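Enquirer: Quick one: structure below, then a few questions.
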Amino acid sequence: MGETKNTSLGTVVTDFILLGLPHPPSLRTLLFLVFIIIYVLTQLGNLLILLTVWADPKLHARPMYILLAVLSFLDMWLSSVIVPRLILDFTPASKAIPFGGCVAQLYFFHFLGSTQCFLYTLMAYDRYLAICQPLHYPVFMNGRLCTILVAGAWVAGSIHGSIQATLTFRLPYCGPNQVDYFICDIPAVLRLACADTTINELVTFVDIGVVAASCFMLILLSYANIVHAILKIRTADGRHRAFSTCGSHLTVVTVYYVPCIFIYLRAGSKSPLDGAVAVFYTVVTPFLNPLIYTLRNQEVKSALKRITAGRGVTSENK
């Protein structure tokens, strides 16, 4: 059970109980193993992309792969904020999380998640310039500008996370303290507040739902122009390469944005499906990113072969 304490302001919650994902007890061991495997593969896959981009001069000099490396870094941290806590739901360990831990988890989840949201938009912009404006690409997307845009995404994400955490936990929480969710997220925590949450729900709708929907529409607009440009490419090989690169990005974006918009445009919802839907953009997307970008990206695969071959030659010389 969670703890509360009495103060001059009344009863105050000192920790929360995360109820986790609803699941049959018979599947507990299987789900425990599945999420552990997903977490380990997520970390290894994204680390592989990071090391590949860093080690290959042809990749880390190009904005597209700088953005991909940043995405991998974000995925590793986002997964670490969510999945280890989720795994505990399938063990006999205590489901309690300290009040400060809940604040930290909500902040980092929204900081990293919103930064990733902005980064996907930058990646769509990068692909739009590369395919639709190839002659202007070196001017509008060089290494320096790419660094500035990525830094801006991090700053905007940090501001967003701070606003959401501050607004959520400025409210009084006097019990009950059972969060009907697998993480400390805004809709689930707000249901426990002992005060009017109208302003919070409005800010959540605008700051998360509308912003995410706007970014998604900008990405779709970019890809509409990209598809139009690709269809003008005369060679089948050129069309295939362009569609392959952009198709992988659009697949990941759809898996990330659609569940996210579904959750936050319905901030007042108490649907039992919300937890299952949230797993897609909190657990599945960080796991899929390295698979999609590695298996469907010929340049990344070529870089991996060059790095492996280089190590082989080095070991033979020794």
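Cβ from N, Cα, C; glycine included.
In case it's useful when we look at the structure, here is the feature table from TrEMBL:
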DOMAIN    45-293  domain 'G-protein coupled receptors family 1 profile'
TRANSMEM  30-53  transmembrane segment
TRANSMEM  65-87  transmembrane segment
TRANSMEM  107-125  transmembrane segment
TRANSMEM  145-163  transmembrane segment
TRANSMEM  208-231  transmembrane segment
TRANSMEM  243-265  transmembrane segment
TRANSMEM  277-295  transmembrane segment
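Give me the local environment of each listed feature.
Expert: Long-range contacts of the transmembrane segment (107-125) within its own chain (CB-CB distance under 8 A, at least 6 residues past either end) are made by residues 64, 67-68, 70-71, 74-75, 77-78, 81-82, 141, 149-150, 152-154, 156-158, 160-162, 164-165, 183-186, 208, 211-212, 215, 218-219, 222-223, 249, 252-253, 256-257, 260, 281-282.
Cβ atoms under 8 Å from those of the transmembrane segment (145-163) belong to residues 63, 66-67, 70, 106-119, 122, 126, 203, 207 of the same chain, restricted to positions at least 6 beyond its ends.
Long-range contacts of the transmembrane segment (277-295) within the same chain, counting only residues at least 6 positions beyond its ends with a Cβ under 8 Å from a Cβ of the stretch, are 21, 35, 38, 41-42, 45-46, 48-49, 68, 71-72, 75-76, 78-79, 82-83, 86, 109, 113, 181-183, 185, 248, 251-252, 255-257, 259-260, 262-263, 301, 304.
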Enquirer: What residues elsewhere in the chain lie close to the transmembrane segment (30-53), defined as a C-beta under 8 angstroms and at least 6 residues from its ends?
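Expert: Long-range Cβ neighbours of the transmembrane segment (30-53): 21, 23, 59-60, 65-66, 68-69, 72-73, 75-76, 79-80, 83-84, 86-87, 90-91, 283-284, 286-287, 289-291, 293-294, 300, 303-304, 307.
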Enquirer: For the transmembrane segment (208-231), what are the same-chain contacts with Cβ under 8 Å, counting residues 6+ beyond its ends?
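Expert: Tertiary neighbours of the transmembrane segment (208-231) are 110, 114, 117-118, 120-121, 124-125, 127-128, 131-132, 164, 186, 239, 242-243, 246, 250, 253, 257-258, 260-261, 264-265, 267.
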